[in-house]
Amino acid sequence: MTPTGAGLKATIFCILTWVSLTAGDRVYIHPFHLLYYSKSTCAQLENPSVETLPEPTFEPVPIQAKTSPVDEKTLRDKLVLATEKLEAEDRQRAAQVAMIANFMGFRMYKMLSEARGVASGAVLSPPALFGTLVSFYLGSLDPTASQLQVLLGVPVKEGDCTSRLDGHKVLTALQAVQGLLVTQGGSSSQTPLLQSTVVGLFTAPGLRLKQPFVESLGPFTPAIFPRSLDLSTDPVLAAQKINRFVQAVTGWKMNLPLEGVSTDSTLFFNTYVHFQGKMRGFSQLTGLHEFWVDNSTSVSVPMLSGTGNFQHWSDAQNNFSVTRVPLGESVTLLLIQPQCASDLDRVEVLVFQHDFLTWIKNPPPRAIRLTLPQLEIRGSYNLQDLLAQAKLSTLLGAEANLGKMGDTNPRVGEVLNSILLELQAGEEEQPTESAQQPGSPEVLDVTLSSPFLFAIYERDSGALHFLGRVDNPQNVV
């Protein structure tokens, strides 16, 4: 066996071990045939009918070049348009991709929580994480491509093209997943949800990116910004320039790290996500209200409150309750609150697992007065750190084969995922239903004034778009 072959098998074994450990006893077998290369495509790839020409390349413009800001409404309209054209098979692909992204998200959320430590909060977008990894898959060659596919949780057979993920199909399905989130059936009474994704490809001068690779990321997001800057002379200054650029282009107030990076890096692949939802029938309470970070410490924060008919249930055995708040026709905010705040770590480990959706029940709605902090959550993490924590630091390290990304193999530095999640009062709207009818049960008061978990779930695809933990509404994570 060649050294390269031995290294590939060893790395894949390491990845499989990590996947199996995080999955517990679960056997992760699903039909992925809709996401694989077809036999006809494999035949074309293995026996091209025409001579393959060199792929066109380009050098990104300098980061200080004038750039038009992102139009979030246009991004949303493109997602809506793509979703309106979905056929039955497209929806099946979207459901498969959502399932894989959910599973990947739980694994990485566990790593993120462990890295953050106790009582520091966390937020993660499984689709954004998944899209980032699939983007690298599209830009990679073996052995890196096979390793990334295994990391995504999809089996690969050595030498079998038809067991390979078709990255273009996968990102198109991910586009459908995002579109189903923001498309709410055109209901005029429902405030539209907003989700925007921006990708920054920040390169060292001299690295030329391959045009087909950059274009292939279009379904993930049309808002792609390749920009060049000096990454080696002053890494801290480079990080500041990137942050200023992102702020200027998006207008989003995000938690962007200012740490310097490795001076020999030639590519940063950064993904930025903004989600904004209006809570129909909720209004902001006057003044500030106490949120208990722990038994002895409170902070004063703005609170939202609304009364309506919501689904709510308690798990008496595990001592937590769940309140289900609609954000759209198929989108739900799940608020998970332990009966005792000190149990949050235990509940987090118990609930945020691969079988999370089995915890979601469907009880009859009941009259509830719900009060919770106004959420404006900012979070960032470097995927490289999570891979290193999982002992997979070489996956996107110096030896990674990313030959489809640029004219020379890029050396990947930062792989940032940054999230801005906003849940606001929908004061201009009426409550979902009247709070209480004659003869109905008394209104239940549910107040989230201590640490809790949350998730945003879209029913049609089965996607969990966000997983998070709020320890202190004033903190970024």
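Note: Cβ is positioned from N, Cα and C throughout, glycine not excepted.
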What is the disulfide partner of Cys42 among Cys161, Cys340, as given in Swiss-Prot?
-> Cys161
In angstrom units, rounded to an integer, how far apart are the Cα atoms of Cys42 (disulfide bond) and Asn319 (N-linked glycosylation site)?
-> 52
One should report the C-alpha separation between Asn319 (N-linked glycosylation site) and Cys161 (disulfide bond), rounded to whole angstrom, as 48
Least buried of the glycosylation sites Asn295, Asn319, going by other Cβ atoms within 10 Å?
-> Asn295
Residues that sit under 8 angstroms from Cys161 (disulfide bond) by C-beta distance, when 6+ apart in the chain = Tyr37, Cys42, Leu45, Glu46
